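To keep things clear, I will list the structure first and then write my remarks on it.
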Amino acid sequence: MHIFITLAAGVSTRNGKDSYLGSGGFRKRKHDNFPHNQRREGKDVNSSSPVMLAFKSFQQELDARHDKYERLVKLSRDITVESKRTIFLLHRITSAPDMEEILTESEVKLDGVRQKILQVAQELSVEDMHQFHRAITTGLQEYVEAVSFQHFIKTRSLISMDEINKQLIFSTEDNGKENKTPSSDAQDKQCGTWRLKITPVDYLLGVADLTGELMRMCINSVGNGDIDTPFEVSQFLRQVYDGFSFIGNTGPYEVSKKLYTLKQSLAKVENACYALKVRGSEIPKHMLADVFSVKTEMIDQEEGIS
């Protein structure tokens, strides 16, 4: 009996590999007997076949789409940076003696931003904008924020989406030296007109970010002894908050998410107006900013605790 078991074990381990049979064992696969370089043998694929030609065209189309997406991401980044610089420039108005000079300089910066948007419009001249919207939405929101901030400083009102879109209609004369990216479509070259429309979501998100800049403007105004601006900003923010309240949870997720930040900005501005109204006459103007900043920190701590 012992000899029979030994012979069976020797048979199962021949060829230097285990080939245990039975329950729980391993069965040697058939292709293990062939060399590795002979396991996969096939004929050369015909590169001129209709299937290969179709897949090559798909590859070229996908590569072109990915390259365009990356170009739009870079343009959106440039639009975001230049728009932020415009906003920082506009914040100097509260302390600058000449407001018109800063507004003129901000208009020049916004013209440079529109040249970048013109390049975006040329890239999307024959494309569906919604397929590339994710690549440009950040820059468009920042542009809406900068334009609406400038418009509020000038008129103390909110710029409409139609007014913003009218500024984004470009003709051949608007294609300046800064724009070196030609249009990809011959028909657009002949027509010489490009346009890019701000979507309602981009407009709402840009206006929601505007409230934070107005809150900072209110702080700077109080620090410079300006008592009228905080009340104007407070009334404007109440109207904006009421408008967003009508949207509620029916709008996009990003809009409802920024509604909380808008409410915080409104509370801080209203707190500043309360301090000015109640204690403004007894506190020197150069100390109003300190009182306001202390109350703002108290509000932030209470919200963090709750």
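Glycine too: its Cβ is placed from the backbone N, Cα and C atoms.
Automatic, uncurated: that is what TrEMBL annotation is.
Pulled from TrEMBL:
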type	residues	note
BINDING	Glu145, Glu213	Mg(2+) binding site
COMPBIAS	32-44	compositional bias 'Basic and acidic residues'
CROSSLNK	Lys295	SUMO2 cross-link
REGION	20-46	region 'Disordered'
Counting across all protein chains present, how many other Cβ atoms fall within 10 Å of the Cβ of Glu213 (Mg(2+) binding site)?
19
Cβ contacts of Glu145 (Mg(2+) binding site) (under 8 Å, same chain, 6 or more positions away)
Ser83, Ile87, Gly206, Val207, Asp209, Leu210, Glu213
